[in-house]
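Structure record follows, encoded as C-alpha cells.
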Amino acid sequence: MRGYFFGALLALALAEISAIGGNHLPEAALNLNERFFDEVRELIKRRMESKPLPLAGDEMALQNQRSYDNVPIPAANVPVPVLVENWPTDQHSFGQVTAVSVDPEGNPVIFHRADRYWDVNTFNESNIYYLIEYGPIKEKTIYVLDPKTGAIKTGWGSEMFYMPHGMTIDGHGNYWITDVAMHQAFKFRPFESKPQLVIGKRFRPGSSVKHLCKPTSIAVATTGEFFIADGYCNSRILKFNAAGKLLRSIPQPPEFLSLQVPHAITLLEHLDLLCIADRENMRVVCPKAGLKSSHGEGQPAATIQEPDLGRVFGVSGYGDIVFAVNGPTSMLPVRGFTIDPRSETIIGHWGEFKNPHSIAVSVNGSALYVTETGTNHQTNRVWKYVLA
C-alpha cells in the first residue's frame with residue numbers, strides 16, 4: 001500500500017511543476033534534488049507513522065498473512081557498491097549491451113546486439129519483427145569476460161539471435177536467454193547452439209499460455225523452477241517447473257497486482273520473493289515466489305516506490321536485498337539503488353549512469369556489474385563495482 005501513496009505523491013509533485021510552466025522554468029528550478037526528496041521522504045514518514053485506522057476483519061486477516069519480516073536491515077550489514085576505475089582495461093566494440101550475468105566461475109558474461117538496434121521500424125503494430133529477412137546476427141552475441149581485467153576470454157552465439165534482451169546464468173552454468181524479436185525464451189548449455197528448452201512460438205507473438213510477446217528476463221531457482229517476464233506486451237510473469245510445464249501466471253485473479261512492462265526479475269529465495277522491475281509503474285514489486293509452498297501466493301506484494309526511483313530497468317538479488325538501476329525518467333538522476341524489500345524502502349544510492357539496462361551480482365558477492373545501451377561502442381559498455 002505504501003507504493004501507491006509514493007507514486008501518487010510523485011505524480012502530484014511533477015504535475016505541480018508542469019502546471020506552473022515546467023517547460024519554461026530554468027534548469028535549476030526543474031532539478032528534483034536531494035533536498036526535495038528528503039523533504040518528501042520526511043512527509044511520507046510522518047504520514048506513515050500517524051496512527052492507522054482500525055482494519056475490518058477481512059483486511060486484518062489479509063495484512064496478517066504477510067509473512068516476511070518488516071524489520072529493516074541494519075545499515076552496517078548493507079554492502080555498498082564501489083566503482084572499479086579503468087575497468088575494463090581494454091576498450092571493447094560491443095553493440096547495445098542488453099544483459100549481464102555472472103557464471104559459476106565468477107566471470108561476467110554479456111549479451112549484446114552487435115549491429116542491431118531497436119527503434120520505431122523494428123516491429124509493426126502487431127509486434128511482428130520487421131527484419132526477419134536479414135537473418136540472425138552474424139557476430140558472436142555472448143562474450144565471457146575476465147573479472148580482473150574485463151578482457152574477452154571467449155564468445156559464442158553467432159547466427160542464433162535476432163534481437164537479444166535478457167540473459168541469466170544459473171548455478172549449473174546454463175544460459176537462460178530471451179529474444180524479443182523471436183518472442184521466445186531459451187535454455188542453453190554453454191557454447192551449444194541447440195537449446196535444451198524453448199518457450200514461446202518462433203516469431204509469433206501472442207498472449208496464450210503457449211505464446212510469449214517480447215519477453216524480457218528470466219529468473220531461475222535452485223529448485224529448478226524458473227520465471228519468465230513476458231514482458232513488453234503481456235506484462236505478466238510466467239512460472240514453470242524445471243521441465244517447462246506452466247505452473248501459474250502472475251498476476252492472476254484474485255491477485256491485485258497490475259504490471260506495466262516487467263523489464264527484469266530476480267529471486268530472493270531466502271525470503272521466497274520474486275522481485276520485479278515494474279518499469280513503467282516506476283517501482284519494484286516483490287510477490288511471493290511460491291518456491292517453498294503455494295501458501296502466500298497471491299498475497300499483496302511488497303512494493304518499493306519512492307519519489308526518486310523512476311523507471312526501473314534492472315534488478316539483481318543478493319542475500320535479502322535487491323540492487324537496482326533506473327533509466328532516464330524525466331528529471332530524475334539515473335543511478336543505482338539498494339533496496340530492502342522487507343521494509344519496502346530504498347536504503348542506499350550509488351553510481352551515475354546514462355542509460356543502464358541490466359545489473360548482476362556475483363554469487364559470492366565480490367562484484368556487481370551494470371551494462372548500458374547507447375549508440376556507439378563508447379556508450380555500449382559494462383561497469384564493474386566491488387561490494388564494500
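Just so it is clear, glycine is given a Cβ too, placed from its N, Cα and C backbone atoms.
Within the same chain, residues at least six positions away from Arg113 (protein binding site) with a Cβ under 8 Å of its Cβ are Gly95, Gln96, Thr98, Ile137, Thr141, Met163, Pro164. As annotated by TrEMBL, protein binding site applies to Arg113, Tyr232, Arg279.
Taken from TrEMBL, the feature Zn(2+) binding site covers His165, His263, His357. Applying an 8 A CB threshold to same-chain residues 6+ apart, the list for His263 (Zn(2+) binding site) reads Thr216, Ser217, Ala229, Gly231, Ala277, Asp278, Arg279, Val312, Phe313, Gly314.
When the repeat 'NHL' (200-243) is classified with DSSP, helix, strand and coil residues number 0 helix, 18 strand, 26 coil. Here TrEMBL flags 200-243 as repeat 'NHL'.
Residues or ranges marked as signal peptide by TrEMBL: 1-19.
Recorded residues Tyr232 (protein binding site) and His357 (Zn(2+) binding site) have their alpha carbons 14 Å apart, per Cα-Cα distance. Taking the binding-site residues His165, Arg279 in turn, the residue surrounded by the fewest other Cβ atoms inside 10 Å of its Cβ turns out to be Arg279.
Listed as Cβ neighbours of the repeat 'NHL' (200-243) (distance under 8 Å, sequence separation of 6 or more from its ends, same chain) are residues 126-129, 132, 165-166, 168, 170-171, 174, 176-185, 249-251, 258-267, 269, 274, 276-277, 289-291. Ranked by how many other Cβ atoms sit within 10 Å of their Cβ, the binding-site residues Tyr232, His357 place Tyr232 at the bottom.
A mean pLDDT of 97 is what the model gives for the repeat 'NHL' (200-243). Shown in sequence order, Thr98, Ala99, Gly166, Thr216, Ser217, Ala264, Phe313, Gly314, Ser358 are the same-chain residues outside His165, His263, His357 whose Cβ sits within 8 Å of the Cβ centre of the Zn(2+) site.
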